[in-house]
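**Q** This structure is in structure tokens; I'll ask about it shortly.
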Amino acid sequence: MNPNQKIICISATGMTLSVVSLLIGIANLGLNIGLHYKVGDTPDVNIPNVNRTNSTTTIINNNTQNNFTNITNIIQNKNEERTFLNLTKPLCEVNSWHILSKDNAIRIGEDAHILVTREPYLSCDPQGCRMFALSQGTTLRGRHANGTIHDRSPFRALVSWEMGQAPSPYNAKVECIGWSSTSCHDGISRMSICMSGPNNNASAVVWYGGRPVTEIPSWAGNILRTQESECVCHKGVCPVVMTDGPATNRAATKIIYFKEGKIQKIEELTGKAQHIEECSCYGAGGVIKCICRDNWKGANRPVITIDPEIMTHTSKYLCSKVLTDTSRPNDPTNGNCDAPITGGSPDPGVKGFAFLDGENSWLGRTISKDSRSGYEMLKVPNAETDTQSGPISHQMIVNNQNWSGYSGAFIDYWANKECFNPCFYVELIRGRPKESSVLWTSNSIVALCGSRERLGSWSWHDGAEIIYFK
């Protein structure tokens with residue numbers, strides 16, 4: 001074969017290989033496009049939630065062409081529908097309390113970016129439970145932490161994060177902006193309410209499904225405020241207790257009934273309760289009960305009983321002689337269902353809770369009568385109705401050598417149980433005013449739930465060494 005023939009033969013071979021390579025590439029491209037359309041055209045049928053993965057791998061070593069395609073498609077059950085929560089189950093029997101979660105936020109914040117918060121709570125939805133709190137818009141180690149002892153500022157926001165973690169700028173979800181809040185899930189979506197603005201003209205913004213739906217102006221011009229723990233929904237109706245007016249005199253309290261973030265009805269407070277703030281609410285047996293703070297007079301807590309079906313309420317005081325506000329006098333010989341029991345100094349009150357279920361009733365309170373230190377749970381049968389009722393069982397939650405703070409009720413209404421299991425949290429306040437060597441005021445959280453077993457006591461205190469922050 002002469003040189004010209006060799007050149008022609010080599011050229012023809014090269015062109016043939018190039019054409020073959022081109023055809024393979026075109027075929028591979030067509031296959032990839034076909035797979036994409038095939039995955040995207042999933043028929044609309046009721047099938048289980050599954051992950052399907054289609055993989056195509058093409059390797060042409062002779063021409064150094066490598067093509068790897070990995071397509072993952074998540075197919076959701078389009079016919080799956082959520083339903084409104086229905087509060088028909090009773091409360092579970094409780095003989096003691098087991099630990100659920102403790103976030104250790106202050107301990108972790110000594111060496112990490114942890115948000116300064118207060119007024120925390122927990123609230124659950126069909127997927128699980130989350131922690132909530134009002135952030136101060138800064139971290140424990142941030143310079144803006146100076147002055148966070150103040151309750152109201154334009155830098156506060158309701159944030160939520162995964163239960164058990166410490167709140168940080170990296171895991172916290174902003175629910176709404178404000179310095180007073182409540183939040184609850186109706187089984188379909190979450191409603192969150194935040195108050196913000198100046199003391200004499202604050203307003204509330206109601207969010208539902210991640211969007212603002214309703215705005216509420218101040219009606220008394222004196223710090224419009226709400227529960228600082230979760231609200232509760234029944235068949236889509238979510239009552240919320242709000243107060244506007246003096247903290248140490250008669251104020252204007254309203255029970256506002258929402259559905260999907262929109263106002264259905266507004267009621268002025270009726271009944272025996274003389275002052276209402278910071279209610280802790282739970283639902284069972286078709287009824288919602290809110291145990292509140294009388295910041296004006298009472299060391300016994302006011303109770304609001306709400307019928308969400310017909311959107312009405314009544315109010316009275318916890319009848320038991322076991323007083324649960326702080327500060328408070330010594331427990332008297334008799335309780336009072338119809339009027340506040342006065343006494344105690346210097347603090348006018350603290351947010352608290354109770355579960356009122358006949359013989360299965362439990363009350364929470366600080367161990368100290370005069371300050372927010374220690375915490376205990378007392379089983380007090382018929383505390384709601386019996387002025388002679390006293391404790392038959394006791395469990396320490398935080399010892400009296402450590403600070404506590406606000407406390408409140410919550411329930412995982414979607415747990416797979418035949419009854420609603422009561423749960424509660426305790427705010428563990430650190431920093432100012434009691435610990436003035438640091439510039440900030442913040443908290444960690446401990447949460448416990450009911451147990452039919454008889455479990456022992458332990459102190460679930462905050463545990464941070466303030467000296468490490470100096």
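Placement of Cβ uses the backbone N, Cα and C atoms for every residue, glycine included.
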**Q** Looking at Swiss-Prot, which one of Cys9, Cys92 makes a disulfide with Cys419?
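**A** Partner cysteine, according to Swiss-Prot: Cys92.
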**Q** If I go by Swiss-Prot, which of Asp307, Asp325 binds Ca(2+) at the same site as Asp294, Gly298?
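**A** Record check against Swiss-Prot: Ca(2+) site with Asp294, Gly298, extra candidate from Asp307, Asp325 is Asp325.
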**Q** If you look at what Swiss-Prot says, which of Cys176, Cys184, Cys279 makes a disulfide link with Cys231?
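**A** Checking Swiss-Prot: disulfide partner of Cys231 resolves to Cys184.
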**Q** Cys279, Cys319: which one closes the disulfide with Cys292 in Swiss-Prot?
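**A** In Swiss-Prot, Cys292 forms its disulfide bond with Cys279.
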**Q** Are there any residues at least 6 positions away along the chain from Cys279 (disulfide bond) with a Cβ closer than 8 Å to its Cβ? List them or say none.
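**A** Those within reach of Cys279 (disulfide bond), by Cβ under 8 Å and sequence separation of 6 or more, are Gln227, Ser229, Val241, Cys290, Ile291, Cys292, Arg293, Ile304.
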**Q** So which other residues, same chain and not among Asp294, Gly298, Asp325, have a Cβ within 8 Å of the centroid of the Cβ atoms at the Ca(2+) site?
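**A** Going along the sequence, the neighbours come out as His275, Arg293, Asn295, Trp296, Lys297, Ala299, Asn300, Arg301, Pro302, Tyr317, Pro340, Ile341, Gly349.
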**Q** Report the same-chain neighbours of Asp151 (active site, proton donor/acceptor): residues 6+ apart in sequence with Cβ closer than 8 Å to its Cβ, ordered by sequence.
**A** Arg118, Trp179
**Q** If you skip the near sequence neighbours and keep only those at least six away, which residues in the chain come within under 8 angstroms of Cys184 (disulfide bond), Cβ to Cβ?
**A** Ser123, Arg190, Met191, Glu230, Cys231, Val232, Cys233, Cys238
**Q** Considering every residue in the region 'Head of neuraminidase' (91-470), what is the mean pLDDT value?
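**A** Here the mean pLDDT over the region 'Head of neuraminidase' (91-470) amounts to 98.
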**Q** Which one is it: of the disulfide-bonded residues Cys233, Cys419, which Cβ has the fewest other Cβ atoms within 10 Å in this structure?
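**A** Candidates: the disulfide-bonded residues Cys233, Cys419. Fewest Cβ atoms within 10 Å: Cys419.
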**Q** Cα distance, Cys92 (disulfide bond) to Asn86 (N-linked glycosylation site), nearest Å?
**A** 16
**Q** Might you list, by sequence position, any residue in that chain lying six or more from Cys319 (disulfide bond) with a Cβ less than 8 Å away from its Cβ?
**A** Gly335, Asn336, Cys337, Ala383, Glu384, Thr385, Asp386, Thr387, Ser389
